[in-house]
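Chemist: Dropping the structure in here first, questions after.
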Amino acid sequence: MFLVDSHCHLDGLDYESLHTGVDDVLDKAAQRDVGFVLAVSTTLPGYRAMRAQIGDRDNVAYTCGVHPLNLDGGYDYAQLRAFAAEPGVVALGETGLDYFYQQDNIPLQQSSFREHVRIGRELKKPVIVHTRDARADTLAILREEKADECGGVLHCFTEDRETAGALLDLGFYISFSGIVTFRNADALREAARFVPLDRMLIETDAPYLAPVPHRGKENQPAYVRDVAEYLAVLKGVDTARLAQQTSENFSRLFNISLPGM
Ligand SMILES: [Zn+2]
Ligand SMILES: [Zn+2]
């Protein structure tokens, strides 16, 4: 079996007491058949620092972007474009809209989101989209900016079935995190039943949102196995089949040939 963690903040794990280093984290992942990790950045300095920390590896790829909650100091558009064009960067993001945690900078969130999509189209790299309490605006911007031309994924999906349908119509993939295992996530489980297997990704969003049975602990790429096992039951397939399909989807979307496949 070969699993991919399609969204992880690999620079944000606890390297003081839980792991001895990045090798340790990736070893623990490999022991649970998680053979590839997408390391997602949330600021431009963070992107630089993460690459310096983790280095070039055949089981890690990078994204470059500015998270909607990290826009207070603005960012340099030319630098974003230059970093995003670097080899080893497979996507723009994470970008998007978060009206749940911040509403005083909505115009800035929207213009940043649009710029990420434009660069994605220009560089032919997909976008990784974060959305919270901003469903209608997120869909409107993706349509207006022709995001279907670069493609992308709505990560850590927590919306309803109708929103999933609208994203699928745009050609987007939908990524499920450990939230789908939470007891109160019935609406999300309904959406997960609806999303076809060939458009589904899985992620941890580590260090946040550890799935059951690790809930409350720090999350890590190894735990994407728990998300896969849970979703497999929900979809009525075995875990190996879900692993195969979600890894193929990942490979197709991000144009990465996976070493184990
Ligand atoms: Zn996010
Ligand atoms: Zn994230």
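Positions of Cβ are set from backbone N, Cα and C atoms, glycine also.
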Chemist: Of Glu94, Glu122, which does TrEMBL put in the divalent metal cation 1 site with His7, His9, Asp205?
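Modeler: The candidate from Glu94, Glu122 that TrEMBL ties to divalent metal cation 1 along with His7, His9, Asp205 is Glu94.
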Chemist: Where does His7 (divalent metal cation 1 binding site) sit in DSSP terms: helix, strand, or coil?
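Modeler: Assignment for His7 (divalent metal cation 1 binding site) reads strand.
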Chemist: At the level of the C-alpha atoms, what whole-angstrom distance separates His155 (divalent metal cation 2 binding site) and His7 (divalent metal cation 1 binding site)?
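Modeler: Per the Cα atoms, His155 (divalent metal cation 2 binding site) and His7 (divalent metal cation 1 binding site) stand 8 Å apart.
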Chemist: In angstrom units, rounded to an integer, how far apart are the Cα atoms of His130 (divalent metal cation 2 binding site) and Glu94 (divalent metal cation 1 binding site)?
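Modeler: The Cα atom of His130 (divalent metal cation 2 binding site) is 6 Å away from the Cα atom of Glu94 (divalent metal cation 1 binding site).
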Chemist: Fewest other C-beta atoms within 10 angstroms of its own C-beta: which of the binding-site residues His9, His155 fits that?
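Modeler: Candidates: the binding-site residues His9, His155. Fewest Cβ atoms within 10 Å: His9.
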Chemist: Got a sec? Which of His7, Glu94, His130, the binding-site residues, have CB under 6 Å of any ligand 1 atom?
Modeler: Glu94, His130
